[in-house]
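Student: Take this structure first; my questions come after.
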Amino acid sequence: VRPSLPVSAVSFHFGLNAPKTRCEEQRDRAQANIQEQYPSAGVFVPRCDAEGQYLPRQCHGSTGHCWCVDSSGQERAGTRTPPGATPVDCKKPGKRAVFQQRMDYRCVEI
C-alpha cells in the first residue's frame, strides 16, 4: 500500500501548478475567445509542445495558412504558405536569419 499524498502535493509534483509559458497563455486566451465569440473564424490558436514551447510550424485553422515561428512565437519571414502548398522546412534558417548573418558579417568587416 502506497501512502496517499494530499491533492496539492500531487498537483505540484506533476506540474499542474507550474506557471504557464507564453505559448500556453496565448493558446488559452485564444480558446477562451473562441468560446465567447461567434463566428470564431478569425481566431488563431497557437500550438504548443509538451513543454509548453511553440511548435516550429503554426497553422491558422480557419485560413489554412501555415508558417514557421521562432522560439518566442514570432513568424519567420518568408515561411508563410497558402493552403495546399508544400510547407516550408522550419528547421532551415529563414530569410530573417540569413539577413542577420549578413549584417553580422558586415559589422565584422567594418
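Cβ coordinates come from backbone N, Cα and C, glycine included.
Fair warning: this is a prediction, and the values are worked out from it, not measured in the lab.
From TrEMBL, for reference:
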type     : residues    : note
DISULFID : CYS59-CYS66 : disulfide bond
DOMAIN   : 20-90       : domain 'Thyroglobulin type-1'
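If you look at the structure here, what lies around each of the features I listed?
Tutor: With a cut-off of 8 Å between CB atoms and residues at least 6 apart in sequence, the same chain places ARG57, GLN58, CYS59, HIS60, ARG80, THR81, PRO87, VAL88 near CYS66 (disulfide bond), listed in sequence order. When secondary structure is read from DSSP and collapsed to three states, CYS66 (disulfide bond) falls in the strand class.
Secondary structure of the domain 'Thyroglobulin type-1' (20-90) per DSSP (helix as H, G, I; strand as E, B; remaining residues coil): 15 helix, 11 strand, 45 coil.
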